[in-house]
């Protein structure tokens with residue numbers, strides 16, 4: 001048993017502490033006989049274990065709170081009537097009760113403690129310690145965060161932040177504590193502790209630390225970004241891909257011709273781009289070996305599937321969305337062959353790609369943005385929310401999520417835009433808006449065409465292509481690109497009647513204009529209005 005002292009966190013009488021367990025140990029633990037309910041893992045035909053997370057098959061943004069105190073009162077971007085977001089305040093008194101529930105749940109139990117890093121750059125990384133009573137949750141964070149070397153573990157010392165996952169505890173008196181439900185995902189930035197109660201969804205542990213990095217880094221002059229990143233084989237040409245869940249961040253950055261830096265969360269400092277994580281969390285709905293070979297091949301021993309349909313013999317049905325559309329797999333990043341080693345970081349990004357899945361069928365498959373349009377569309381963060389990545393959303397509906405990640409922004413969105421643009425200007429980067437959604441055919445733009453577009457951006461051929469302007473949005477779009485169907489580049493050409501596009505375009509333009517009003521409270525925001533759509 002580990003000599004680790006958990007009493008300093010209030011956790012008493014642990015019957016056993018399994019500190020930094022190996023993958024082999026975790027595999028035995030999560031598949032052993034006698035486990036019940038959501039603790040139980042099932043071995044699948046691909047060698048990966050599958051777990052179910054119950055009613056929470058996505059994050060629960062309505063249950064996310066920060067303790068409002070002297071540390072956070074003037075720094076956090078709090079939700080308001082004018083601009084609602086997920087950063088809801090809870091009192092220091094309520095925090096005591098919430099933390100007590102977690103501590104009581106974890107006391108007297110056999111516990112797993114996993115020490116990790118968040119951030120690939122030694123100068124800015126954080127030491128994050130996770131404490132939980134469920135083996136597969138320990139496996140999840142071992143996959144998703146950066147695994148310290150033996151030597152780094154020996155000198156780990158005290159963590160910078162502690163996460164207590166107590167999925168079996170629920171907040172019965174949530175109303176009097178000012179919470180939303182029996183489930184709580186609460187951060188205390190003064191104590192540097194996060195508590196997770198009554199949800200089993202793995203993504204809460206991952207995204208919690210993203211919210212924390214999003215708090216710290218911009219205050220230290222770094223860009224903190226909800227994006228994937230890759231670089232050329234010689235590691236000289238880096239690109240970053242912003243986009244909300246389901247727009248293609250993981251799929252498009254996992255490219256056999258390039259090296260992956262990471263698939264979801266990155267920082268950008270004076271030296272370049274660095275990953276926060278040590279793993280990937282890919283959506284696997286309708287996954288096939290043909291369409292996404294790299295992700296498919298990453299699903300093997302030590303990968304962890306979530307909410308996938310598996311029969312008694314271990315056979316997987318990736319097409320079944322009866323539990324959720326948000327089926328996932330987490331795997332350590334080295335399950336992908338082409339990665340940047342030994343540290344997930346590379347130089348500055350010259351290509352910045354905004355991915356948007358437009359359910360309206362209005363946006364061109366690719367537009368070359370001006371610097372002002374870059375700020376405008378980054379702050380707008382448009383996509384159509386795709387089915388099932390959060391509870392209660394199943395149809396495509398338009399979403400404007402600032403910086404392509406409003407759910408994880410702890411500071412005001414303009415702070416992130418400012419840091420990103422500063423870095424882009426420093427290296428002369430260009431931004432491109434890529435629509436991975438639908439067009440006038442009623443079908444989604446093919447992954448083959450989208451990959452062709454990405455290739456043209458990365459190899460620079462888009463910058464030499466002839467272009468034209470698209471009305472209302474004044475987007476500069478190429479009229480021909482190698483390997484891309486020329487008939488889709490102007491979205492109007494995909495409609496039997498171009499008037500149909502015009503009608504939809506006016507509607508979408510109006511939505512952009514209306515959404516952007518919330519950024520016009522200061523001169524910088526007002527100045528950007530001209531870069532947006534005009535009716």
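Quick reminder: no glycine exception, Cβ is built from N, Cα and C everywhere.
As the structure is a computational prediction, the values presented were derived from the model and not from experiment.
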Further substrate ligand in Swiss-Prot, beside 59, 201, 207, within candidate set 289, 300, 301, 328: 328
Near-site residues: Mn(2+), ref 207, 226, 264, CB cutoff 8 A to centroid: 206, 210, 265, 405, 408
Residue 226 (Mn(2+) binding site) CB neighbourhood, other CB atoms within 10 A: 25
For residue 251 (ATP binding site): intrachain residues, at least 6 apart, with Cβ closer than 8 Å: 282, 292, 295, 447
Residue pair residue 226 (Mn(2+) binding site), residue 243 (ATP binding site) - Cα distance, angstrom, rounded: 7
Other CB atoms, at most 10 A from the CB of residue 243 (ATP binding site): 27
